[in-house]
Every structure is written in structure tokens, then in C-alpha cells.
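Asks: Handing you a structure now.
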Amino acid sequence: MVNLTSMSGFLLMGFSDERKLQILHALVFLVTYLLALTGNLLIITIITVDRRLHSPMYYFLKHLSVLDLCFISVTVPQSIANSLMGNGYISLVQCILQVFFFIALASSEVAILTVMSYDRYAAICQPLHYETIMDPRACRHAVIAVWIAGGLSGLMHAAINFSIPLCGKRVIHQFFCDVPQMLKLACSYEFINEIALAAFTTSAAFICLISIVLSYILIFSTVLRIPSAEGRTKVFSTCLPHLFVATFFLSAAGFEFLRLPSDSSSTVDLVFSVFYTVIPPTLNPVIYSLRNDAMKAALRKMLSKEELPQRKMCLKAMFKL
């Protein structure tokens, strides 16, 4: 048992107090984490080694996989360790870092999904100007802006959230340091700055969602005018997975952040937190690889007997460097 009155950190309640359920949760999260790790690393490797995939769309997809890999690594390994040890304690420094990286990576993911939707809009609706609009320099600047915007968002949330005086017990009814759940620990009227910042961040995410939806409305209106059924199918197979990923992630995260945190543990809070912290990084590699012929062809080529010796030589050269 953790002494709640003397600890400087926080107590994460997690999913259950029962030991058997804690072990089950750890095993499920471990399998999920390994799947996410394998899938995202595979996408990063395929796009890096296959020159045919060196285009803006796959450049952004590779950065999405990097973000997914980092995003799920912020919360899941800590939760697995807590469940295996039967101890939900997390230190103040760990909680600060978790909030910073969680918000930074989530904000960056929203931004990269918005950039990816604009890339698809430029490719389909303005094909003659696509190479000019999405030239390598513009792509690099867009990715740099994504990472900087995410970092600033995480820094502001962490700085404001942990400057608020806490009046309640340091118990968080989540499996990670979730900002909405932490707000109920604050003294009355002391968290107005964090509320204002959360409202600004939510508004920015909503603007990104509107931009994504508008981009795909224009894309689908253009696609429906394509006479070739094969061409329409190819575009839909590329765009629909991205639209599903963006709406699923933003809807689940938005629902959780717009809800007022309850005074007790809520199954709904836990379920929706899993929807936007664990499921998207795990499903994204499956969605993008299974619905993309170029990715499947690159994977088959990379695993073919003719290509394996060359890949091994490239990997050895990389490790020597």
C-alpha cells in the first residue's frame, strides 16, 4: 500500500485492484505494445529502404509511424510495469514527463494527419501543381512545424498543469497521468489557466478536423467525376484509411477531453482513453499496409530471397556507421 499523505508523486488506479485482472491487463497491453512496435517499425523500415516509396505521402506516413511508436511508448510500458508490480505509484518527475510527451505527441499526430489530408488534396485535386506544392523542402518544413507545434503544446500543458496547487488526494483514476483526470485534484478556481489552454488546444484540434473533412469532401467530389472505376477504387483505397484514422483518433480524444472528470473511477473514461492512446498506434500499420498495394508490394520485395542479402548488407553498413 502507498502512503497517500506522504508521497510526492501520484497513485494511478488503473483498471482493477484484483491481482488476476492486473496480470491480464499487463499481458493484453504487452501483446498490443509488441504488435504496435513491430508494425510501426516495419512501416518505417519499408519506406526507408524502398526508393519507390520516397514520395511525400509515404514521407508523412513514416513520420506518423514514428509518432505512433513514441506515443504508445509514453503510457503503455509504464502501465504494464505498474500492473506486474501491483503498484500504481508514479513519481512527480515521471508524471511531468509523461504529460509533456503525451500532449506533445498527440498534438503532433493531429497536425501530421492534417498535413497528410492536404497532401492527398493536392495530389488528387491539383495534380498539375502537386510537385510544386509538395516539393521536398515544403515537406521537410511541414514535418519540422509539426514537431515544433507538438513540443510547444506539451511544454505549455506540463508547465501550467504542474504549477496548479493540489488540494485533493494524489489519486488519478487512469492508467497514466491524464490531464482531465488531474484537474479534479486542483484547488477550486486554481485551474482556470489549464482550462483555457485545454480549450485552445481543443479548438485547434477541431479546426484540424474541419480541415481534414473539407479536404476529403473536395477529394471525393473530384474522385466521383473520374470515369475509370479502377481509378476511383485506387483513390478510395488510399484515402479512406487515412480518413478513418483521423476521425477515430480525434473523436475519441475529443470526447474524453471535453467531458468533465468525475469524482470516482469511470469505465467510460478508461475505455475512451484506450481508444485514443492504444488502439490507433496499433491499428494504423495494419490499416495502411493492408489497404495499400504499394506497401504490400514493397513488403513482399523486401522479404523476397533475392532482396534479403542486399538488405542485410545495408543494415550492416548502417550499424557500422
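Backbone N, Cα and C define each Cβ position, glycine as well.
Predicted automatically and left uncurated, TrEMBL annotations should be read as such.
Worth saying up front: this structure is predicted, and the values here are computed from it rather than measured.
As listed in TrEMBL for this protein:
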- 23-47: transmembrane segment (TRANSMEM)
- 39-288: domain 'G-protein coupled receptors family 1 profile' (DOMAIN)
- 59-76: transmembrane segment (TRANSMEM)
- 96-118: transmembrane segment (TRANSMEM)
- 139-160: transmembrane segment (TRANSMEM)
- 195-223: transmembrane segment (TRANSMEM)
- 235-258: transmembrane segment (TRANSMEM)
- 270-290: transmembrane segment (TRANSMEM)
Asks: Quick test of the contact rule: Cβ under 8 Å, at least six residues beyond the ends. What residues does that give for the transmembrane segment (23-47)?
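Replies: Non-local partners: 14-16, 53-54, 58-59, 61-62, 65-66, 68-69, 72-73, 76-77, 79-80, 83-84, 278, 281-282, 284-286, 288-289, 295, 298-299, 302.
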Asks: Mind checking which residues of the chain, 6+ beyond the ends of the transmembrane segment (195-223), have their Cβ under 8 Å from one of its Cβ atoms?
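Replies: Residues packing against the transmembrane segment (195-223) from afar: 103, 107, 110-111, 113-114, 117-118, 120-121, 124-125, 153, 156-157, 160, 179-180, 183, 231-232, 235-236, 239, 243, 246-247, 250, 253-254, 257-258.
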